[in-house]
Amino acid sequence: MGITSGGEKSSITIDMEKESPKEQVTMSTWKAYWRVFKYAKTIDLIMISIAGIAACASGVGIASQNIIFGKFVTEFTDFDSGNAASDNLRNSGAKLAFYFFLLGLGRMVMAYIYNFLLTYSAYRIVRNLRHAYLKAALRQEVAYFDLGTSGSIATQAYSNGRLVQAGISEKFGLTIQGLSAFFSSFVIAFATNWKLTLIICGIAPLTVGVMIGCAFVEAGYEAKILEHYADANSFAEGVIASIRTVHAFEMRAQLVEKFDSFLKQAHRWGKKISPLFGILFSAEYTIIYLGNALAFWRGIHMLASGEIANTGDVFTVLLSVVIAALSITQLAPHSIEFTRAASAAVQLYVVIDRQTAIDPMDPSGERPTSLTGDVELENIEFSYPTRPNTRVLKNFSLRAPAGKVTALVGHSGSGKSTIVGLLERWYNPTSGTIKLDGRPISSLNIAWLRKNVRLVQQEPVLFRGSVFDNIANGLYGTDLEDASKEDKMSHVVAAAKTAYAHDFISQLPNGYDTEIGQRGGLLSGGQKQRIAIARSLVSNPRVLLLDEATSALDPHAEGIVQQALDQASAGRTTIVIAHKLATVRNAHNIVVMSKGEIIEQGTHNHLIALKGAYSRLVTIQQLTVDSEDPSEGTSVEAMDEKSSKDGDYEEKETLARRITTNQGGAPIQTGADRYNDDGSNHLGLLAVVWRLITETPDLKWAYLAMFSGCIVSAGLFPGQAVLMANMIDVFTLTGSEMTSQGNFYAAMFVALAGACLFSYYVMGWGTNTLAQALGHNLRKQIFNEILRQDIEYFDRPENNIGALASRIDSYPQAVFELMGFNIGFILIAVLSIAACSILGIVYAWKLGLVIVLAGIPAVVGFGWIKMRFDGRLDRIVANRLATSSAIASESTTAIRTVSSLGIENAILDRYTFELDQAVKGSRKNLLFVMVWFALSQASEYWFMALGFWYGCRLVASREITIFEFFVSYMSVFFCAQATSQIFQFSTSITKGKNGANAIFWLRQMQPIVQETPQNKDNSPDAGGSLRLAETSFAYPLRPHAPVLKNINLEVAKGQFVALVGASGCGKSTIISMLERFYDPTSGAVLLGDQELTDLNPRKYRAQVGLVQQEPTLFQGTIRENIALGIDNTVSNTIMETGTVSDSEIERALRAANAWDFVSSLPEGVNTAAGPNGTQLSGGQRQRIAIARALVRNPRILLLDEATSALDTESEKIVQNALAEAAKNGDRITIAVAHRLSTIKDADLICVFYGGRIVEQGTHTELLTGNGSLYKKMCEAQSLA
């Protein structure tokens, strides 16, 4: 990104360096700002217009006080010179005070109108902007998301939207009001005496010039800051999505440092703003005081020479200049909000304006009326956009006849899934043609194509909503898209029956209307897969793509799902990708691929007879059962009958999950209630600020600068009050004495300007330095605090990925806005109120006490009430926006599923519904909140009216002199201005206080699993066995649904134990407990004689290696991913220094069968894995994850479906490596597996059912038992 400025033009330039070719977005700062209003609808523009008129009227009211004030001055000087009697002064004072009261009343009405209308219209406009942004994101081709941008989409929509909203709501109205007051004051001044006004009007362009110049430069800096924050947010979202891997490998410290590297870049640019703010604030206020000096000095001389008729005119002009200057300088903080809004908007425009290569919402293209389903690929060449020099498919040609089953098998990375991506038009081939019924698919309407070519993926992705909603997602793009629920239901039920899902759906608490949670988290893997199949079948597609549709399932679920797929394939063109060859043995054509080319194809029997590559793969997977015919007793019906005994635990455990979530998705109170309070309202503003100060002693010099600047700046206001009172006193003099005294006090104003130059520069520099440092520190802190929480925290529905990522950005940003220049102006205002109140009471105690005691409490009270309701409104809206953010995050991270279903518009509808709810929720609250804002703005006029009325009476009765009155009154005048100004920052105060409290609350949330003084020195027993003793467990959010029931299991050192059984039976829960993701509800888990709960978790996890079913990699190189989490403070058998040598990396990669592909990459182990490992295939990611576990040489190796994503040959090689690793001396190896061939050599196989171990023994022992559940599972997987 670059920053350009000069003359009358400034622009924000953002380089999209992640894209190829490089994209660049350049936009004028103000063009970016005003473009936001293009998202306003007619009613919004009407509201903005009315608000603009009201704000202008309010500004005129501010300026009009000068006229009244000038008349007061005339009345007082006439009385002092003997030209008016006491009664006349009292009567005139009462009349003019009544005008002040009416002025306040009018301003109250106008302030209410413009503030409500602008704030409400801002909610609506930003709603439309967010909608446009997500719509544009969903229109992008899949290659765009391969760049790792999906993680930042939801966060940018939330956070940047808030910045834009701040710039077009309340601050926008205050700016219009300030400009109106500025111009109105000069109109009044010119009408009063044009000569004097003309002399001093030069301050206007100077002030505006400084403000605009600084704003333009700052806009470029802000754009760069937001760019780095977007990268940080994207990284954070990916890390949170992989939180179990983070905990398992103790990666938190290193990932926090990686996150901090993005923040440091933002901080580097943020510090450059500090001198800019110093220049902005000091120049503006200095110009004001110099303007006052010039106005007074010239006014005195013009009065002495007779060019001005009376004192009141001079003072009207002088006060008009003061009001104009104050109005324009108060715009400086608002202008910063505008530049931030413009910079944030540009980040959104980057996506909105991006031209997509494949637009899923493009209505063009053919829509054939009939389709047989004949698929043909002709001479296809393809390279992924992220790796243009690597050919994935090489002159590839294949025909999949209509109504037939074509299977693709081969090594990981051979190009199988790439064919699915091309058929779905996620990518376009580099060359060659793909045809459907003889038509190039590039000529077909994309929505029509995806409706007729449906996909079932290896990892089924469901969305929040009901079972019905998820299956009905498959009807988008069909004639039933807009049909009633009743009409859709028959098709949904029919598809569910075909997918063997109807029976278990019917047993759910609310049947098809049962909510399934985020990403279908309330269902088992088999259930999710069957719903995904039903979703693909409901539109009756002619072509069905099955990409490893059963690889992640246990034998029981696999049998059910495979039968569903066999039934679904009947009469359809089906293209199957499989590593489990048993699932494709009946295919009409089996295509064996290697390195993007076909090396064999034919039927199962034909390829077996060839004794080639396919035959070798079959031999590797063969799992024979000598005593039984493989087909005997393995039907779905037989397995379901077995499952139905004991209450069908898989279904029962799933139903139990429902107890913690109501149908609206809201969590019900459970034993995990310690997370329910977000702490957003615990500490008041002063306590929050004081805590932030005391916690950051390293910023003492910045605090000292801020406080020094604020104290001096606050002292300027009572000094100005005394000077202005003396000015009025000077007007009572005559001749040379008047001019001499006038010159002196004009010089005093110049002295004030000098003090102002220093104090406001120091304040501006200090507050931004503080804010940038706090923003940096708090972002790092909250990311660290979130990562250190127990897994239970992440299980809670309100702590979804999108919501947590938004908090990482929004909470520190809110504190940043509070502790930046806002806190400087607030502190100046508070100190000014105190100083001016004391001054007013000292000079005229009766008048001072009346005004201070009657006026200030009223203004403060009204403002305080507004802030209280502001906080409530902020929480309501934030909760709604968190839900919408979760929808955006869920959809963009599952973009392949969204695009294959063509449900982009459905996602937008759901997203927009939540945004609409936020807007609707704001309207009612805003109507009430703005009453208090309007009262706070009006009350300053009312207590000024009181001051004039009572002051006139005191002067008339000679209880105080005119000088004393004006000292006291001008003190009150500046006091009123300061009080009013405080509550212009009320929104920032409220959000900052809530954000800081939320961070404080999170910091005090101590996780159960952490290093403590008690366990710090408790290292694991190197030679002990691993034992579960009477162990029972229920998930914290499902306390009444036991997952494990009195488990007793001992694994001796050097032993290899396998856990098998149906989905939901508790196998992976054992792994979670051994990793201390959770602790047992009762019983114990022991290593040797030590309970895991007594051990230092960091030292324990350093001895544990975990390979999960879904491999997780992070942004960085392959080498960094393998070494990630190694701690140099924990002694390790291979790495006492905490570093990993190249030879150790190579050894681990070879053991994981990954060295060949890694060494073939251009940069070898230093090749970037991409965000979330997207630059690698699924099998490649899995092998890197295995290498990551093996390089640690762990004493305990946990394998949770470690080879499920691998092709047959890779699985065999890796399995042998893992078997060798299991035999390594004293290592304990525990494996969860569905592919029973991978664990048949285990020392002990435990069969889980219903949360209990129902069978155990060796492979041979378990096969000998009649009716053995393990035996039936083996039969289901046999290829013989």
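From the backbone N, Cα and C atoms, a Cβ is placed for every residue, glycine too.
TrEMBL does not curate its annotations; it predicts them automatically.
Fair warning: this is a prediction, and the values are worked out from it, not measured in the lab.
According to TrEMBL, the features are:
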TRANSMEM  45-69  transmembrane segment
DOMAIN    50-340  domain 'ABC transmembrane type-1'
TRANSMEM  96-120  transmembrane segment
TRANSMEM  172-191  transmembrane segment
TRANSMEM  197-217  transmembrane segment
TRANSMEM  273-294  transmembrane segment
DOMAIN    375-620  domain 'ABC transporter'
REGION    626-648  region 'Disordered'
COMPBIAS  639-648  compositional bias 'Basic and acidic residues'
TRANSMEM  701-724  transmembrane segment
DOMAIN    704-991  domain 'ABC transmembrane type-1'
TRANSMEM  744-763  transmembrane segment
TRANSMEM  814-841  transmembrane segment
TRANSMEM  847-865  transmembrane segment
TRANSMEM  926-950  transmembrane segment
TRANSMEM  962-983  transmembrane segment
DOMAIN    1026-1275  domain 'ABC transporter'
Message: Which sequence-distant residues neighbour the transmembrane segment (847-865)? Criterion: at least 6 residues beyond either end, Cβ under 8 Å.
response: 833, 837, 840-841, 932-933, 935-936, 939-940, 942-944, 946-947, 950-951, 954, 960, 965, 968-969, 971-972, 975-976, 979-980, 982-983, 986
Task: Check the domain 'ABC transporter' (1026-1275) for me and report the mean pLDDT.
output: 82
Statement: Answer key: the stretch among 96-120, 273-294, 962-983 with most Cβ pairs under 8 A to the transmembrane segment (926-950) is 96-120
- prompt: Same chain, outside the transmembrane segment (96-120) by at least 6, Cβ under 8 Å from its Cβ: which residues?
  reply: 47-48, 50-52, 54-55, 57-58, 61-62, 64-65, 68, 71-72, 75, 168-170, 172-173, 176-177, 919, 922-923, 926-927, 930-931, 933-935, 937-942, 944-946, 948-949, 952
- line: Counting Cβ pairs closer than 8 Å to the transmembrane segment (701-724), the top stretch among 45-69, 197-217, 744-763, 814-841, 962-983 is 744-763
- line: Maximum Cβ pairs under 8 Å to the transmembrane segment (273-294) among 45-69, 197-217, 744-763, 962-983 is reached by 744-763
Intrachain residues whose Cβ lies under 8 Å of the transmembrane segment (962-983), provided they are six or more past its termini: 76-77, 79-80, 326, 330, 717-718, 720-722, 724-726, 728-729, 732, 825-826, 828-830, 832-833, 836-837, 839-841, 843-844, 847-848, 851-852, 855-856, 859-860, 862-863, 866-867, 933, 936-937, 940-941, 943-944, 947-948, 951, 954-955
Task: Please indicate, using numbers and ranges, the residues of the same chain that are 6 or more beyond the transmembrane segment (45-69) and have a C-beta under 8 Å from a C-beta there.
output: 37, 96, 99-100, 103, 106-107, 109-111, 113-115, 117-118, 120-121, 173-174, 176-185, 187-189, 315-316, 319-320, 323-324, 327, 937, 941, 944
Task: Residue list, the transmembrane segment (197-217) vs rest of chain: Cβ under 8 Å, 6 or more residues beyond ends.
output: 3, 5, 10, 29, 182, 186, 189-190, 276-277, 279-280, 283-284, 287-288, 290-291, 294-295, 298, 317, 320-321, 324-325, 328-329, 331-332, 335-336, 338-339
Field: Same-chain residue ranges lying at least 6 outside the transmembrane segment (744-763) that approach it to Cβ under 8 Å
entry: 278-279, 281-286, 288-290, 292-294, 296-297, 300, 705-706, 708-713, 715-716, 719-720, 723, 726-727, 730, 821, 824, 828
